[in-house]
Amino acid sequence: MKERILQEIKTRVNRKSWELWFSSFDVRSIEGNKVVFSVGNLFIKEWLEKKYHSVLSKAVKVVLGNDATFEITYEAFEPHSSYSEPLVKKRAVLLTPLNPDYTFENFVVGPGNSFAYHAALEVAKHPGRYNPLFIYGGVGLGKTHLLQSIGNYVVQNEPDLRVMYITSEKFLNDLVDSMKEGKLNEFREKYRKKVDILLIDDVQFLIGKTGVQTELFHTFNELHDSGKQIVICSDREPQKLSEFQDRLVSRFQMGLVAKLEPPDEETRKSIAKKMLEIEHGELPEEVLNFVAENVDDNLRRLRGAIIKLLVYKETTGKEVDLREAILLLKDFIKPNRVKAMDPIDELIEIVAKVTGVSREEILSNNRNVKALTARRIGMYVAKNHLNSSLRTIAEKFNRSHPVVLDSVKRVKDSLLKGNKQLKSLIDEVIGEISKRALSG
């Protein structure tokens with residue numbers, strides 16, 4: 001009876017699905033018209049209940065009659081199926097180290113990477129659903145982050161699965177070493193028998209290396225045929241992997257191919273904030289926005305720019321303003337890329353530096369004496385030294401025309417009354433403007 005039920009199920013699913021989802025599946029017991037199935041993995045149990053309920057229901061009814069029912073139980077030990085080896089066994093989980101910072105939570109999603117992100121997340125949640133998953137994109141766009149996020153997610157949520165993350169260079173070196181030492185069988189055992197999820201980074205490194213491609217081809221086939229999840233990253237799409245064996249390229253394309261596009265400006269700003277958060281650092285918003293707007297080659301350089309500013313801040317004890325950031329990051333920014341700084345934006349930055357009041361406070365509704373004085377100095381200098389229009393000043397300072405006029409008048413009256421402290425601050429602001437103008 002047990003074999004009839006299993007055979008009936010097998011006829012209702014394709015070979016690939018049988019090997020992937022039913023390899024650890026067995027009939028545990030039959031009591032009257034109720035069948036109890038068992039599986040050795042909790043994820044597979046939930047997947048079968050969700051996706052194969054109808055198949056299982058029809059199969060038991062064909063064998064036991066229309067009143068037949070079933071349930072699926074999860075058992076940690078191996079079922080007694082004679083069909084194939086179980087998909088999952090209890091073993092050490094993480095076979096190679098992963099960067100704990102590379103998680104889905106730390107990955108900022110935007111229009112250019114949304115598809116790849118969700119594909120990777122689905123693979124992490126449901127290993128085998130998209131197999132293989134091939135992620136490609138330019139340098140520093142987040143391929144390694146996504147690849148290791150899959151590994152970190154599985155380690156946290158699927159304790160039965162064995163995860164291996166490797167670069168293709170490591171795969172090559174391991175192969176060469178095993179051949180030199182006469183341990184090729186051990187190499188194949190390691191990569192083909194002791195892995196449930198294989199994550200391969202920078203596969204383009206194997207271009208032109210025919211011997212290792214052949215080994216990878218057979219490794220791929222054995223893992224895939226056993227229902228093991230494979231995820232591959234490359235800097236180019238499969239069909240552009242020149243000097244790769246056609247049969248290997250076709251394997252890369254048989255699952256899901258996802259591209260990572262360069263992030264747009266808004267996504268880069270969000271990524272910059274996330275990087276700052278991970279580094280436990282603080283930078284003014286205008287500085288962070290400047291970095292995101294101008295360092296757009298790749299995310300590694302974006303992170304490098306942020307770290308450089310944080311190191312400067314920590315080692316000098318100085319706050320990093322926009323002008324300082326421009327000077328510090330000249331090697332990160334393409335020539336002629338930096339836009340000329342708006343005169344009033346630069347003025348506000350200078351006023352903040354001279355008075356010790358932050359840019360945010362100057363532009364806020366804070367009416368304490370220090371913030372109010374700094375705000376009025378800024379509007380006064382903008383009107384009388386920069387010759388800016390009332391409309392422009394009002395827009396930049398988030399104030400109405402009457403407020404701007406009143407602020408300018410109050411500063412002028414105070415200067416006429418001989419307020420030396422106010423005059424000193426204004427002179428320092430104007431002096432800094434002149435100095436910056438001369439330095440270009």
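For all residues, glycine too, the Cβ spot is worked out from N, Cα and C.
Note that the coordinates shown come from a computational prediction; the quantities given were computed from them, not determined experimentally.
Positions annotated as region 'Domain I, interacts with DnaA modulators' by Swiss-Prot: 1-69. Here Swiss-Prot flags 69-96 as region 'Domain II'. As annotated by Swiss-Prot, region 'Domain III, AAA+ region' applies to 97-313, with the evidence given as sequence analysis. The ATP binding site annotation in Swiss-Prot covers GLY140, GLY142, LYS143, THR144 and is backed by sequence analysis. The region 'Domain IV, binds dsDNA' annotation in Swiss-Prot covers 314-440.
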For the region 'Domain II' (69-96), the mean pLDDT of the predicted model: 53
Tertiary neighbours of THR144 (ATP binding site) (same chain, Cβ under 8 Å, six or more apart): TYR102, ASP201, CYS233
Same-chain residues at least 6 apart in sequence whose Cβ lies under 8 Å from GLY142 (ATP binding site): PHE107, ASN113, ALA116, LEU260, LEU299
Helix, strand and coil residues within the region 'Domain IV, binds dsDNA' (314-440) as assigned by DSSP: 87 helix, 0 strand, 40 coil
Residues within 8 Å of the GLY140, GLY142, LYS143, THR144 Cβ centre (excluding the ATP site residues themselves): GLY137, VAL139, LEU141, HIS145, LEU146, CYS233, LEU260, LEU299, ARG300
